[in-house]
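As recorded in TrEMBL, the features of this protein are as follows:
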DOMAIN    13-337  domain 'RNA 3'-terminal phosphate cyclase'
BINDING   Q104, Y294, L295, Q296, D297, Q298  ATP binding site
DOMAIN    184-285  domain 'RNA 3'-terminal phosphate cyclase insert'
ACT_SITE  H320  active site, tele-AMP-histidine intermediate
Amino acid sequence: MAGPRVEVDGSIMEGGGQILRVSTALSCLLGLPLRVQKIRAGRSTPGLRPQHLSGLEMIRDLCDGRLEGAEIGSTEITFTPEKIKGGIHTADTKTAGSVCLLMQVSMPCVLFAASPSELHLRGGTNAEMAPQIDYTVMVFKPIVEKFGFRFNCDIKTRGYYPKGGGEVIVRMSPVKQLNPINLTDRGCVTKIYGRAFVAGVLPFKVAKDMAAAAVRCIRKEIRDLYVNIQPVQEPKDQAFGNGNGIIIIAETSTGCLFAGSSLGKRGVNADKVGIEAAEMLLANLRHGGTVDEYLQDQLIVFMALANGVSRIKTGPVTLHTQTAIHFAEQIAKAKFIVKKSEDEEDASKDTYIIECQGIGMTNPNL
């Protein structure tokens, strides 16, 4: 029997799609009816956009829930979850809306399903304002699997702004519980690698130029490591539309992963795209944390659900992370403490420890 509705103000803090993703995922997991008001109230186009709608509909379908007010431009939804079920689920943003964000909202839920799941996600794989699928596979996946589960991510087709048209299939089995994680030892950088891609009509030279510019930029700061960035021409049958971009990853001796990435836009030269990604990576290596600024907020929901105390060391705590913590505390009743790192080597840096007493969510179906 559903209890009283959880009331969420969609206009506070990050004030956008992330509040919807975190609150609906937690509502679905905990079986708590939810109302979100003032959705994206401060944005230039307020209310639900197509990609938010496809995320909500996917969560509804995962648990045979009831969803009201879910249409484009709507600023209020109510959601009544039921039992989470496995099986095949499809979500299509019909735009370049990010498949990675669809994965972000659905993954915690299907971990607590009754049986294995297969998620068919369609939209942009390498799109603005969202993680690129390469980030999800190369950084998010190995770190999030430390919570004690595995998933498989099969990139069928890549899709770019503005058309989308990409498809990714994610397969995973449910777990009984999630283990807490402790990521506080940064280690030292042992390798740097990446990929610079072009798709569609863009010449291969663009990929080579992005890679070369990024390597030059990194060499200025990190001289003793070989930087291996592969230029790639995406095969015609595995990419829809035109696009270019780059992702660069740094790996440390303790298995930490950091990334810098950038996407090409019309009229922006290739060197600039490469340099932007390199500078983002270097900035993420300066703060002394064990996760980069984009991984921070993606780990919060898992920390909140885990059985025990998790700790991660980060650079400056982002608004997305603060938002995720706020709702994980409000809805899941997890307890977070964010404090400045007291380690000697972090004294001169803006480094924090995010600690969470997880709620020890148990899968009722297993």
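Just so you know, glycine gets a Cβ as well, placed from its N, Cα and C.
Predicted automatically and left uncurated, TrEMBL annotations should be read as such.
The shown structure was predicted, so the numbers you read here are calculated from the model rather than taken from an experiment.
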Roughly how many Å separate the Cα of Q298 (ATP binding site) from that of the residue listed as 'active site, tele-AMP-histidine intermediate', to the nearest whole number? 9
Tell me the Cβ contacts of H320 (active site, tele-AMP-histidine intermediate) under 8 Å, same chain only and six or more apart in sequence, or just say none. E14, Q18, Q296, D297
Across the domain 'RNA 3'-terminal phosphate cyclase' (13-337), average pLDDT on the 0 to 100 scale: 97
Let me make sure I understand the span of the ATP site: among Q104, Y294, L295, Q296, D297, Q298, what is the greatest distance between any two Cα atoms, in Å? 13
Env. residues of ATP site, Cβ within 8 Å of mean position of Q104, Y294, L295, Q296, D297, Q298 Cβ: P131, F140, V291, L299, I300, H320, T321
Cβ neighbour count within 10 Å of Q296 (ATP binding site): 23
Using Cβ-Cβ distances, find the residues under 8 Å from Q104 (ATP binding site) that belong to the same chain and are at least 6 apart in sequence, listing them in sequence order. R21, Q298
